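Enquirer: Shown below is the structure under consideration.
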Amino acid sequence: MPEEKQKKSVLEKALKRIEENFGKGSIMILGDETQVQPVEVIPTGSLAIDIATGVGGYPRGRIVEIFGQESSGKTTLALHAIAEAQKMGGVAAFIDAEHALDPVYAKNLGVDLKSLLISQPDHGEQALEIVDELVRSGVVDLIVVDSVAALVPRAEIEGAMGDMQVGLQARLMSQALRKIAGSVNKSKAVVIFTNQIRMKIGVMFGSPETTTGGLALKFYATMRMEVRRGEPIKEGKDVIGNVISVKIVKNKVAPPFKTAQTYIIYGKGIDREYELFNIAVNEGIVDRKGSWYYYTTLKGEEVSLGQGSSNAVQFLKDNPEIAGEIERRIREKYGLLSVEKEEQRKEKKSSGEEAS
């Protein structure tokens, strides 16, 4: 027993010295309930994807990779994340390495262009230095890098067209992520990298698909999301959008390999009400009787949403209070009411009661 007490005393002194030298929180006991905090997130902008992540969105203090084929919806998801971060009062930055950001489309998705930080870097080193500086500032909540494939090293840009530059981009990403990863965790920012798919030559077995930029991002990313474009969404004979399937291929904060399906309308982004309606029907929150759809409110009142899915979706668009109540019930069912969102809702409710 005396030896145990002595060990405990020595350990406490060591922990105290570490905290004095490196700051509070630099070391902690994992099982201490006062130290373990729920995962803070920035919503994805899609209820289905929020559910698939297992925590309700992109985890703060982490690196996220969104990858997929061309025109699969990667940038759309990134812009929706920016809009959500701004709604929460956060600061967002967009590193446009592709030099292809459409401000009109971003605005249609809900992005506040007046407060959005944007950079169009000349080369990969500049882009990643800007990311590092923004993360270290501690005041930026979300940084999107679009995309890894466009982060061309300076040596490649300055070299001749036919020069062999083996592994330059992979080394650049590896070096940069070593610096950024530690800073991200302390700043509580989310850094989203969008990435493209390439084909490995000569693969006989397994998938020939891989992502650009080497292996570093795969290791440092807390969450990796694979985006694939599905069947077209039609209005009559006209194609107005696409079904998008998302698979969480890596997740360090919740069980991985969950999938989600969402609906992107060209020029408008994710159709939230259509997505909400489908989830609510599948979860039994919205009832179907013949071709009619009904919802029973928390007060016990049965509300008719309309005949047919299109009318029901339009009803949800026209009645955001009911849509919001349905969404909260779904989030509560999956335990996804984040601390920040819940606090905002309580503040709005209390301010409304005070006003009345």
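Note: Cβ is positioned from N, Cα and C throughout, glycine not excepted.
So Swiss-Prot lists the following for this protein:
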BINDING   Gly68, Gln69, Glu70, Ser71, Ser72, Gly73, Lys74, Thr75  ATP binding site
Enquirer: Far apart in sequence but close in space: which same-chain residues, 6 or more away, have a Cβ under 8 Å from Gly73 (ATP binding site)?
Expert: Val227, Arg229, Asn242, Ile244, Ile264
Enquirer: Which state, by DSSP, holds Gly73 (ATP binding site): helix, strand or coil?
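Expert: Note: Gly73 (ATP binding site) is coil by DSSP, not helix or strand.
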Enquirer: Within 10 Å of the Cβ of Glu70 (ATP binding site), how many other Cβ atoms are there?
Expert: 8
Enquirer: According to DSSP, does Gly68 (ATP binding site) sit in a helix, a strand, or coil?
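Expert: The residue in question, Gly68 (ATP binding site), is strand (DSSP, three-state).
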Enquirer: List nothing but the one residue from Gln69, Ser71, Ser72, Lys74, Thr75 whose Cβ has the fewest other Cβ atoms within 10 Å; the candidates are the binding-site residues.
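Expert: Checked Gln69, Ser71, Ser72, Lys74, Thr75; of these binding-site residues, fewest Cβ neighbours within 10 Å: Ser71.
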Enquirer: Including all protein chains shown, what's the count of other C-beta atoms within 10 A of the C-beta of Gly68 (ATP binding site)?
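Expert: Excluding its own Cβ, the number within 10 Å is 24.
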Enquirer: Give me the sequence-ordered set of same-chain residues, not including Gly68, Gln69, Glu70, Ser71, Ser72, Gly73, Lys74, Thr75, with a C-beta within 8 angstroms of the centroid of the ATP site's C-beta atoms.
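Expert: Checked against the 8 Å cutoff, the neighbours are Val227, Arg229.
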